[in-house]
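In what follows, a structure is listed as structure tokens, so that the remarks can point back to it.
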Ligand SMILES: [Zn+2]
């Protein structure tokens, strides 16, 4: 690819809005934490674990992802995982990040909610002090579990309300439509939390519609299936509902056979507020800049698209209006060089 464009993608200021912090656990860190905590892993080595990362669909990934997360026990483990990600994000010129975390993956193993949230939150604070990178936490409910379990998780989160900016919905999409969590999301909305949901990754466009209608999601994670429903595309454009698109994830989980088939450019040309993100970077072959570079290599995207994607990443963020305006000015200053 053109060296100038590559340089722009690497250096431009950007926000990351779709990153599962547990999905940033690199095999080396999984093994280091397993040693520190005396956890036995079903893989003999870092290479054996990495070679198991040949996924056929979302579920085949989730099985390994939950095994990897089993090494996280102490607050320090959550801190180290988060700081390792934030360091990479800073290298990629991410200036603002909204991190997903899955408390149920940990509380179901006996890890206290406080351990999880305090470790992640402390790393986010340190990144702000070190690099001026702002960050916020979005707590996700695992959609393959019950509504009752989601409500119990929300109860456990209430003492930490000030550490959360919003809630999301993730894990196995098929067979778990958003409406299953309508009442949980209504309660979250009442608490003043921002609302996002994974929809239209492997699932049908109807899941995007119910995420909007029944959950009142302000942003849709993935959402690439919207192109199957022209009326839905029109609605997303009219409402300016952002999509957090993750190209390498879609490739690795076989949502698109080849990146050349990805609809990122089509989404942008339709007028959708699409953004580029890494999802689970340790598992899907790359962090945010790797996603930008791979997408721009596969599709006829230009410098102007790069500028729009950088702008979209901040417009779609849950930032205070003055902070959003400041970040958008940084993008304009970068592109006017
Ligand atoms: Zn995701």
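Heads up, the Cβ atoms here are built off N, Cα and C, so glycines get one too.
The domain 'Adenosine deaminase' annotation in TrEMBL covers 13-331. Per TrEMBL, the feature Zn(2+) binding site maps to 18, 20, 198, 279. For 201, the entry in TrEMBL reads active site, proton donor. Residues annotated as site 'Important for catalytic activity' in TrEMBL: 222. Summarising the annotation, TrEMBL assigns substrate binding site to 280.
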Recorded positions whose CB lies under 6 angstroms from ligand 1, from 201, 222, 279, 280: 279
When distances run from the Cα of residue 280 (substrate binding site) to each of the recorded positions 18, 20, 198, 201, 222, the nearest one: 20
Stretch-averaged pLDDT - the domain 'Adenosine deaminase' (13-331): 96
Position of peak Cβ density within 10 Å, selected from the recorded positions 201, 279, 280: 279
Chain-internal residues, separated by at least six, CB under 8 A from residue 222 (site 'Important for catalytic activity'): 18, 198, 199, 200, 201, 243, 244, 245, 246, 250, 255
Zn(2+) site, defined by 18, 20, 198, 279: further same-chain residues with Cβ within 8 Å of the Cβ centre: 19, 23, 100, 170, 221, 222, 244, 246, 249, 277, 280
For residue 20 (Zn(2+) binding site), nearby residues of its own chain (Cβ under 8 Å, 6 or more apart in sequence): 100, 101, 102, 140, 170, 279, 280
Where residue 198 (Zn(2+) binding site) falls in three-state DSSP terms: strand
Site with most surrounding Cβ atoms, counting all protein chains shown within 10 Å, from the binding-site residues 18, 198: 198
